[in-house]
Amino acid sequence: MFSKKSVRLAGFVFIKSRLKWPIPVIKYPNDCQCAVLKRSHSSWTGHKQQTHSEGKSRGVHIYSVRHVSSSTLDPAEVRKFQVLATKWWDIQGECAPLHAMNELRVPFIRDNLLTVHGGGKLGRPLAGLRILDVGCGGGLLTEPLGRMGAEVLGIDPVEVSVRTAEMHSSLDPALRERVRYRACTMEELTEEEGNEEAFDAIVASEVLEHLADLDTFVHCCYRMLKPGGSLFVTSISRTQLSYILGIVMAEQVLRIIPRGTHEWDKFISPVELETLLESSGISVQSVRGMLYNPLSRCWSWQQSTAVNYALHAIKQKEEQPHQTPAED
Ligand SMILES: C[S@@+](CC[C@H](N)C(=O)[O-])C[C@H]1O[C@@H](n2cnc3c(N)ncnc32)[C@H](O)[C@@H]1O
């Protein structure tokens, strides 16, 4: 009925009508190697590190403890997720890509934790570990971590998401003892007594791109992780390809996720994240690229980290000061 040419033309006009031009140009701060990247009004600026006043004293690395004064909370992001709050467990709906991502992220977290901590009990490989799932939403990742035997605390600033998560996990008796949820932010949790160096692992999956202040996020991770504890992040890189695939295709053309879910300015590349983490005493162990195929609705590991990626980092253990041999 239609010629191939007219179908192609219609497709082009359809896509073009949904594209936001121009495709953003990436600007990195000049001193990217030594700068900590801080988000201000949804753009990135380079500034010298202020959060952890890093110092060296007699061979001991000191990342000084300060009280958390900034907030990771962006009220506009909270409003976005309030709308989504009852849809977390609709596996065909807007959260389908997050459900599908469990195929990669759950084994990524499990295998790296097993490498660091050794094997747990049969069938419960993460038994004995305390995990904090930051920005847990409806508990899509929190639950499988609990099922593997970990004691998991899921936190999210959107109260109605936390209620959804609680209700869903209460349906599984195996999770009741192991999974807890709270409506709060990282910075509130960090200031509470008993949370200093309390967690074997912190997970922030698809969360960094929604935070107002990454510097505060990393600082809180540092304080709440045990020395040698693991940080797991999945996020979206800030590249032109991620703009085309992550925003134009996913939100505007294919409408896999709601329009306006992501702001490209808030994406962070693994290199930028590594710079930030390393300067804060959290050392990156591995980074793997990921890609979502909207036709098969599956994720796969990729060589390239230009769009989505998973990262594993470890909080450095403080070096012991060198003992000077006692003089005779
Ligand atoms: C894309 S969802 C990811 C949910 C969950 N991690 C998953 O992968 O299934 C992002 C989540 O981050 C939460 N969020 C937004 N701002 C946050 C903040 N400042 N601190 C912690 N979580 C936040 C949102 O409420 C939302 O639940």
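Heads up, the Cβ atoms here are built off N, Cα and C, so glycines get one too.
Automatic, uncurated: that is what TrEMBL annotation is.
Feature annotation from TrEMBL assigns S-adenosyl-L-methionine binding site to Arg105, Gly135, Asp156, Ser205. Gly135 (S-adenosyl-L-methionine binding site) carries neither a helix nor a strand DSSP state and counts as coil. There are 25 other CB atoms within 10 A of the CB of Gly135 (S-adenosyl-L-methionine binding site), with all protein chains counted.
Within the model, the domain 'Methyltransferase type 11' (132-233) carries an average pLDDT of 96. The domain 'Methyltransferase type 11' feature in TrEMBL is assigned to 132-233.
What TrEMBL lists as Mg(2+) binding site is Glu206, Glu209, His210. Taking the Cβ of His210 (Mg(2+) binding site) as centre and 10 Å as the limit, one finds 22 other Cβ atoms among all the protein chains shown.
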- prompt: Tell me, how many other CB atoms lie within 10 A of the CB of Glu206 (Mg(2+) binding site), whichever protein chain they belong to?
  reply: 21
- prompt: Can you list the residues of the same chain, besides Glu206, Glu209, His210, whose Cβ falls within 8 Å of the Mg(2+) site's Cβ centroid?
  reply: Gly135, Val207, Leu208, Leu211, Ser235, Ile236, His262, Lys266
- request: Tell me, if you would, which residue among Asp156, Glu209 (binding-site residues) has the fewest other CB atoms within 10 Å in the structure shown?
  value: Glu209
Query: Reduced to three states, what secondary structure does DSSP give His210 (Mg(2+) binding site)?
result: helix
Query: Quick one: which of the binding-site residues (Gly135, Ser205, Glu209) have their CB closer than 6 Å to ligand 1?
result: Gly135, Ser205
